[in-house]
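One structure is given below, encoded as structure tokens.
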Amino acid sequence: MARIVPMASSIKPSLKFSPTARFALPRSSPTLCSKVASLHLSSGAVLDRKVERKRMANFINLFVISVAKISEAASEGTIGVFIDRRNTLHLLLLNWLSVIPQLHPFGLKTSKLFKEDISSRSVIVAGNTNTTQASTATTQENVFEWVKQDKRRMLHVVYRVGDLDRTIKFYTECLGMKLLRKRDIPEERYTNAFLGYGPEDSHFVIELTYNYGVDKYDIGSGFGHFGIAVEDVAKTVDLIKAKGGKVTREPGPVKGGNTVIAFIEDPDGYKFELLERGPTPEPLCQVMLRVGDLDRAIEFYEKAYGMELLRKRDNPEYKYTIAMLGYGPEDKNAVMELTYNYGVTEYDKGNAYAQIAIGTDDVYKTAEAVKLSGGKVTREPGPLPGINTKITACLDPDGWKTVFVDNIDFLKELE
């Protein structure tokens, strides 16, 4: 049985007491009153009325705190209580009365009727019965099944730059992107610019963030690169060189494969992998992040994010393994490339790369799936102040941040 530890509090419950040894809840709660009307002071107790009321006030005070603690614990997932509303107070009172030694001097006891009533109900506390385990498993299965059916799409990737105009110029002139929109938030001292190869309602795009007065960031060792599909890697590299761009790997076959690639750096030091492919509806095609446990990461992205493992490739010669995950084939959709380097379990994430954003039909169910998968919700689901777009934010097991955005609200925001 879940045990509740009462705490001192200055809360003053708005409960009234009858002049007799029996206590009652407000008349506005007839259902609750009928359920706890059997709590009595023992017949042998003779207490001064003022003392009685003071002690009963203490009792109620502790009880109210216990209610809050159960609600908090349940919301955080630290205890699993699967009961209907009619049974909630019964369970709470029996839990509470069984562990509060301060009540014994008062002679408080639960009536036989109360005990018989609670024993006859289907009250299930997680971990106590096989029924609970089955119920929990069913609930999780339902949530994960919903995740698979949810309409999800990678919306944009967010990172910080030191000179917004310089970066916009490089992306448009060297990488062929278009500036989709730009917004300045002076009261928050930052500016955003959205760039990509097509409209935001149908393409994965980049959201650049410039914070007033900050001209340099630490990219860290955990972030890898962004991937861009081009029809001719060598020609693209020549153009970038002509514009003064930095090429860190000349065009050639990928290690352990046949795909022609090249690597370049933007003015802030972010790496871009150029991949030679035919025409594609999603040229901005990859976000590569390094993880410390690839199998753990794959399981999380499948369960919590609803992504599909598209392929996995081990390169023992170069001591790394990659996994590609996404919401559709690589040649038509943006994907996550997770990289595991043999023996490396932690990385420095720096302060430059921020997050990816993913669309969902329900941010509340999404947050539930993240919690059930062992992820950490850093922003509970709900609307953003001012624009009312519903979001939730979370961290994967390696600490990489993802923001889920309500699909309908996202389209309204674009309008």
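Every residue gets a Cβ built from N, Cα and C, even glycine.
The active site, proton donor/acceptor feature in TrEMBL is assigned to Glu273.
Counted within 10 Å of its Cβ, the other Cβ atoms near His225 (Zn(2+) binding site) come to 19, all protein chains included. Marked as Zn(2+) binding site by TrEMBL: Glu207, His225, Glu273.
Note on the domain 'VOC' (153-277): mean pLDDT across this stretch is 96. According to TrEMBL, the domain 'VOC' annotation covers 153-277 (among others).
The domain 'VOC' feature in TrEMBL is assigned to 283-407 (among others).
Between the alpha carbons (Cα) of Glu273 (active site, proton donor/acceptor) and His225 (Zn(2+) binding site) lies a span of roughly 7 Å.
With DSSP states grouped into helix (H, G, I), strand (E, B) and coil, the domain 'VOC' (283-407) comes out at 21 helix, 57 strand, 47 coil. Every protein chain considered, the tally of other Cβ atoms within 10 Å of the Cβ of Glu273 (active site, proton donor/acceptor) stands at 22.
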